[in-house]
Amino acid sequence: MAGPRPSPWARLLLAALISVSLSGTLANRCKKAPVKSCTECVRVDKDCAYCTDEMFRDRRCNTQAELLAAGCQRESIVVMESSFQITEETQIDTTLRRSQMSPQGLRVRLRPGEERHFELEVFEPLESPVDLYILMDFSNSMSDDLDNLKKMGQNLARVLSQLTSDYTIGFGKFVDKVSVPQTDMRPEKLKEPWPNSDPPFSFKNVISLTEDVDEFRNKLQGERISGNLDAPEGGFDAILQTAVCTRDIGWRPDSTHLLVFSTESAFHYEADGANVLAGIMSRNDERCHLDTTGTYTQYRTQDYPSVPTLVRLLAKHNIIPIFAVTNYSYSYYEKLHTYFPVSSLGVLQEDSSNIVELLEEAFNRIRSNLDIRALDSPRGLRTEVTSKMFQKTRTGSFHIRRGEVGIYQVQLRALEHVDGTHVCQLPEDQKGNIHLKPSFSDGLKMDAGIICDVCTCELQKEVRSARCSFNGDFVCGQCVCSEGWSGQTCNCSTGSLSDIQPCLREGEDKPCSGRGECQCGHCVCYGEGRYEGQFCEYDNFQCPRTSGFLCNDRGRCSMGQCVCEPGWTGPSCDCPLSNATCIDSNGGICNGRGHCECGRCHCHQQSLYTDTICEINYSAIHPGLCEDLRSCVQCQAWGTGEKKGRTCEECNFKVKMVDELKRAEEVVVRCSFRDEDDDCTYSYTMEGDGAPGPNSTVLVHKKKDCPPGSFWWLIPLLLLLLPLLALLLLLCWKYCACCKACLALLPCCNRGHMVGFKEDHYMLRENLMASDHLDTPMLRSGNLKGRDVVRWKVTNNMQRPGFATHAASINPTELVPYGLSLRLARLCTENLLKPDTRECAQLRQEVEENLNEVYRQISGVHKLQQTKFRQQPNAGKKQDHTIVDTVLMAPRSAKPALLKLTEKQVEQRAFHDLKVAPGYYTLTADQDARGMVEFQEGVELVDVRVPLFIRPEDDDEKQLLVEAIDVPAGTATLGRRLVNITIIKEQARDVVSFEQPEFSVSRGDQVARIPVIRRVLDGGKSQVSYRTQDGTAQGNRDYIPVEGELLFQPGEAWKELQVKLLELQEVDSLLRGRQVRRFHVQLSNPKFGAHLGQPHSTTIIIRDPDELDRSFTSQMLSSQPPPHGDLGAPQNPNAKAAGSRKIHFNWLPPSGKPMGYRVKYWIQGDSESEAHLLDSKVPSVELTNLYPYCDYEMKVCAYGAQGEGPYSSLVSCRTHQEVPSEPGRLAFNVVSSTVTQLSWAEPAETNGEITAYEVCYGLVNDDNRPIGPMKKVLVDNPKNRMLLIENLRESQPYRYTVKARNGAGWGPEREAIINLATQPKRPMSIPIIPDIPIVDAQSGEDYDSFLMYSDDVLRSPSGSQRPSVSDDTGCGWKFEPLLGEELDLRRVTWRLPPELIPRLSASSGRSSDAEAPHGPPDDGGAGGKGGSLPRSATPGPPGEHLVNGRMDFAFPGSTNSLHRMTTTSAAAYGTHLSPHVPHRVLSTSSTLTRDYNSLTRSEHSHSTTLPRDYSTLTSVSSHDSRLTAGVPDTPTRLVFSALGPTSLRVSWQEPRCERPLQGYSVEYQLLNGGELHRLNIPNPAQTSVVVEDLLPNHSYVFRVRAQSQEGWGREREGVITIESQVHPQSPLCPLPGSAFTLSTPSAPGPLVFTALSPDSLQLSWERPRRPNGDIVGYLVTCEMAQGGGPATAFRVDGDSPESRLTVPGLSENVPYKFKVQARTTEGFGPEREGIITIESQDGGPFPQLGSRAGLFQHPLQSEYSSITTTHTSATEPFLVDGLTLGAQHLEAGGSLTRHVTQEFVSRTLTTSGTLSTHMDQQFFQT
């Protein structure tokens, strides 16, 4: 059991010592954590331990030292011990010529949050073995590079022998994967892609590493070039195989491995799109796959490796890459090489002639750098390597000295949390084998882990222990009660209510006042010490507060009252018992003018000029009292002044005239003023306390001090002498100038009068500089008489070769800022140096007005800005004059004109009405400056202020050259003309700044505590200077000014500046008002490698106590006041949005002594590491500059002298909505001259949830001014962003506006003005397949919006809610053409006679019979004469609504085409029409079916006799019922954005779907028949994808569809081309940096076939949308689709909008393939194809068709889609293939693309030699 216990006094002493020595933060974590078990305790902090002593009554979770001090036995304390053991250590042998590291292995176990430091030794010899492997691109464009490499074999060997005596050299080559699209797979190209070349391959190891240089040269001579198609190469495959195939390549274990990668192209990488195009989906397995010939074999089955894979494998095998690339691909590899710890990048010349020099330079650079990285480290462990011997570079490697044993410090730290989860809850992140590896050798292997063991006492618990009254388990020294029991021994039933009466306070109905729990007749209060008393009636947070602190922080709250510390009294402990604060400067109490009460003086006679100890404030009396007494003294003593006469009687003091006045130090104040009446000066003094009263006396000197008598008679004489004096001065000046010119010609005189710079070189360090200029002294020697002016200039970046040439090539029209400095002809005052004073503002306005007036004569000059004033030290006799500094923006080419004009105006001493001093100006451009300085007579030294052009992009060491040009005025000669200035930019080891740019403090705090933080980038100490600067607060009146240095020791990251605040005097309130006092603290002069960060200046706002918000809530959440003054977590955090960009966050102060609070806030969903920090001195803060309608998370902690306390609970809050921005660009689909379809994009910044749009349109005149009222349309569905506007006035311009509304209101409008009639016309082309995006080729390169068709817009307003088609039709249908005013492009209308309108239901079997009598349905399936068509048994949705006998087919209305088939067979089973049941077709009937084209993949197409995209539905009534319920709709938008000449972003909008989406599929292929590629997107929230490695100037077709659990939805299709300039020698390789545009294909428009007779047809097509030149004609070829005959060619001349060709001599029932190409002066463009068949059949009994009918079908035969046409001589119209038909008007679809890509357009079919009228449709975008 327990041993002897220490005495209570010993415990007390030990606890006091520990409380002083230990950090409060650690104690807080162990004691404050809400733990319930031993295991939870030891995981809180690395220093936490647990006491299992049964008799222990204190808190069991604490530090081990405090548990011992509290009486817990050492053997009862559970603590987890860390371990560190070196398992392998071999000392470094410097005699060996190989890289070594010591130790080689260790085992370490750490507790969460614990760190372990150890040293690591690494040795790199002066010379080590080198393995050099050259990996070269063997594509055709590298042929000259290969030839040069063959010639340079001897030079390569020579360089290697200079680098090391032990080397091997090898060679490998690569091209790309031998598959489509990377390689041309035609047999002849696979054999020889280029003349005299090898077959294509992926990678081949040609020469393994060998010491025989001759063998290397001989084998290299036999190599030939190869080739591929696309520009990027497959070099990543080659690099990976080179790394992992160590035996095949021949890497030696102890040598330096160098891999030279030479190419001129970009690279393929994992999942970049080319692999998908090639059908390769599996990842690279990172294994060696070389055959016996050294050829890579798995290029067809495995993807390219990723960049992280290559980085990891090259580091694992100690391979250092050297990228030797040409300028064309330099930008790609410039970023790539930064991912490798140690690598090199060099620019390879076009023919690789400099590869040897590049290799030598790279090797020298690499061998001086060493990188040490931790590989395979678990997420719970962090490793950091530092060194005191070697400097760290930007990339993290060390700049080493080879031949020395380097010592490195390794820090291994076990994290407590990983991504917000405790590391002990993540078993996979707790341990691992870390490989600490340097660049050139094997490294240290660490078996590291985190201790997350369970306490052994928890595994040995006593279940239902007798110690716990059999009502609980005894675990780790205490009882864990079962449910329903409580108490230390679980002997109290929580369910018993019989004993709560003793816990009820008189007059209350809640036991324990609602603040505790009644257990066995006794109250157990909540809050762990917050509530006290028999009934928990006292709240220890409700005692009085002073300045926000409980009991003034000078006592504790007990039983509802403050128990004050010794020396303090009062209800809130705010009165000191001593009178130390009342002692005056003489040692008395309140200067004898009052008494001391509660530590403050209460003066008997209060005055404006008495301070807090009743002492007269003479500094406040002097400036105000003299002025107050002046008028009364003047009128009483001399009878003069403004109060002379009766008003003099108002003076309330007496005047006594005396002969002599006392000295100033003997009286309160001594004053002197000038009497305006006689110009004499009178003096007086004031005695006493300085407060004039009725009994006060002012002593006045009897005698005034008057000036001597006047001499008015001299004035006329002087007026006469002035002209003579002027003439004399003029003659003297001429004589002196002549003498000086003569003296300048004499050698003896000339030699002694020189000007020049004092020094010829300055060396500056940028981190020690306090300004961006340098005052460079210039001396004048010899005779100092007269005036000399020196003209000078400074040039930046003299160290860069060719810098002047580069500067000359810069755009001359580019606007650059010019700095201008002038010396004004006026003295400088203190107010001019303060930018917020009125005098400064007036002068600034005067300067800017006059200078703008002068410089406006130079073209392109903007107005002045940033005007400020200063003084120039060391400026001779004019250093008290005002210098103005300003900036004006002007073109770069305007510099000579600016310089000439400035010199001219300075010589004239005026800029318009602004007077300036001569001989001084400075004009600063972006890279140079010119100026002028003046030596006045007798002046020996002046300073030249030289700008230093400090910029972040400067070189580490840059040079400036200052040059004295000439002496335009004066006789001096130039001595030292040149000054070199060198500026060294050291890499910052750390950055020092303030925590925030502004702090708010209370005057009652007495001290402003300002945190200064240091972001440590490297070890060592840092130092900065600081000083305060007055603002509206004044030093020694509001605060005590301070200045000094802050020294950060190594590892220190936070310091605090303290500025003492002074109490506000009453006189300050009267004289200075209630303005906010603020002063500034600035950091400067960083030392020891420190840099100043932002902000390096902060503003301190002093708020008076009555200004602060002191509202504290009376009820607070329970929290234990921690012992020893530790801080708790702030309570009751509350956040409330104060606007769209503000959140008000407040909380209740914690217990303890908080000095301030730190608020951390971030956007919800972001990582907490991206949080913003804010400091506050009061328990509330306003978060500003937030995003509207955005969710934020925040929490707060308090900090004090011992550090930060715990954070509060997390609070989230959403900002209010803000009005949205204007909608996206408006797009117009011009249907006719009076009908347009208007669409718009969603606002770029919705700032909330869009609820509606408002569209307004109205007439405007020629000046775009409105005519009459605007019409408004409210679109209350925010997803419908389209509107069809009809009945507009023809040939009239309209103004259209669209604005959006959210919860905050209406946003700004987007406006467009367009006249439909004035737009260019072209033949109408309405796709049968809707929702195809149309790209406006004339809109430039901005493709944010697209014109498109939408079934949301093209609905019939009087029809159903969705476009629908049904074959539930009644009999006796009659077609009525929609011509004239009834023309509606949105509908195809079939009308029944009113007497025959049926009423059909979903189960109706009624069918259609073409003008046949209506009969009952035939379910028997037998044929009959004149019978009706039986309905298919295939289940379908309800039938179409019939209104007024009209059935509306949406046109184009849906994504499916309409197909009406006619047949003359007597009775046939159309088994191909339905995959489920036979579909019977009678000889005299017609059926309406639906053809699912290539944009809709039907799930019902199972028959192999049909094309895969063909399906027939017998009854479909609505848009939503075309597919199974829950199947996604078509994505509602398809948008293309070009990212480069070979990359494209494809975006779409989420489709409607009743079920959750599971992802998307994106397919794309070349329009002319390339291989199909598919991208699967499993994330339904991702609605865009980037497609790389497209071929430039090639057309691609894209299809997007969505998937739910019910299956795939319909597709959205679009065609796009990226046009760019290509390399002359490689047509598929775009020129780097060339412009690229997004466009549609330049093929002719869709082909339209019109059958004229059984053996002839008419072919028509449109002019290409992008002709790319002048069209001179077309080439049309016709051939049999199945072969069997030669092709026939036709030439069609002209450039009309639509061209036609009649083709005779065709055969019936034979499919023909037609191709049309446009011909320009540059050649033929891409071709448009179509297949047509003229079928001739006998006519059936169709009265409206006659004997022949035209039948259009769309089976996909072979790889083309085709159209079958049956000629008819009928004059009546009919519906064919879902197209619009009228009298003598039939439109057919034309096949445009191969495979599954079809583009259907409506066209005219002439049946009787008469052509119907065309309708126009244009597309424009504003």
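Here the Cβ of each residue, glycine as well, is placed from N, Cα and C on the backbone.
In Swiss-Prot this protein carries:
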- 1418-1427: compositional bias 'Gly residues' (COMPBIAS)
- 1503-1518: compositional bias 'Polar residues' (COMPBIAS)
- CYS41-CYS61: disulfide bond (DISULFID)
- CYS245-CYS288: disulfide bond (DISULFID)
- CYS457-CYS476: disulfide bond (DISULFID)
- CYS481-CYS490: disulfide bond (DISULFID)
- CYS503-CYS518: disulfide bond (DISULFID)
- CYS512-CYS523: disulfide bond (DISULFID)
- CYS543-CYS557: disulfide bond (DISULFID)
- CYS551-CYS562: disulfide bond (DISULFID)
- CYS582-CYS596: disulfide bond (DISULFID)
- CYS590-CYS601: disulfide bond (DISULFID)
- CYS603-CYS614: disulfide bond (DISULFID)
- CYS632-CYS651: disulfide bond (DISULFID)
- 1222-1321: domain 'Fibronectin type-III 2' (DOMAIN)
- 1530-1625: domain 'Fibronectin type-III 3' (DOMAIN)
- SER771: phosphoserine (MOD_RES)
- SER1069: phosphoserine (MOD_RES)
- SER1119: phosphoserine (MOD_RES)
- SER1454: phosphoserine (MOD_RES)
- SER1457: phosphoserine (MOD_RES)
- SER1474: phosphoserine (MOD_RES)
- THR1487: phosphothreonine (MOD_RES)
- SER1494: phosphoserine (MOD_RES)
- THR1530: phosphothreonine (MOD_RES)
- SER1791: phosphoserine (MOD_RES)
- 194-199: region 'Involved in NRG1- and IGF1-binding' (REGION)
- 711-733: transmembrane segment (TRANSMEM)
Which whole-number value in Å describes the distance between the Cα atoms of CYS651 (disulfide bond) and SER771 (phosphoserine)? 56
Nearest by Cα to CYS490 (disulfide bond), of the recorded positions CYS61, CYS523, CYS543, CYS562, SER771, is CYS523
In angstrom units, rounded to an integer, how far apart are the Cα atoms of CYS562 (disulfide bond) and CYS518 (disulfide bond)? 27
Specify the count of other C-beta atoms within 10 Å of the C-beta of CYS632 (disulfide bond). 21
Determine the Cβ neighbour count for CYS614 (disulfide bond): the number of other Cβ atoms within 10 Å of its Cβ. 24
With a 10 Å radius around each C-beta, find which of these disulfide-bonded residues (CYS288, CYS523, CYS543, CYS551) has the fewest other C-beta atoms nearby. CYS288
Just name the winner among CYS457, CYS490 (the disulfide-bonded residues) by count of other CB atoms within 10 A of its CB. CYS490
Take every residue in the domain 'Fibronectin type-III 2' (1222-1321), average their pLDDT values, and give the whole-number result. 86
Among the modified residues SER771, THR1530, which residue has the fewest other Cβ atoms within 10 Å of its own Cβ? SER771
Given the recorded positions CYS457, CYS481, CYS582, SER771, which lie within 10 A of CYS603 (disulfide bond) by CA-CA distance? none
Rounded Cα distance, in Å, between CYS518 (disulfide bond) and CYS543 (disulfide bond) is 25
Sequence-ordered, the disulfide-bonded residues among CYS288, CYS551, CYS596 whose CA is within 10 A of the CA of CYS557 (disulfide bond) come to CYS551
Let me make sure I understand the structure: which of the disulfide-bonded residues listed (CYS245, CYS476, CYS562, CYS582, CYS651) has the fewest other Cβ atoms within 10 A of its Cβ? CYS651
So if I measure Cβ to Cβ from CYS601 (disulfide bond) and keep only same-chain residues at least 6 apart in sequence, which ones fall under 8 Å? CYS582, ILE589, CYS590, GLY594, HIS595, THR612, ILE613, CYS614
Simplified to three states, DSSP reports CYS632 (disulfide bond) as helix
Within the same chain, the residues at least 6 apart in sequence whose Cβ is under 8 angstroms from that of CYS61 (disulfide bond) are CYS30, LYS31, ALA33, VAL35, CYS41, VAL44, CYS48, ALA49, TYR50
What does DSSP say about CYS543 (disulfide bond): helix, strand or coil? coil
Name the one residue among CYS512, CYS523, CYS543, SER771 whose Cα is closest in three-dimensional space to that of CYS632 (disulfide bond); these are the recorded positions. SER771
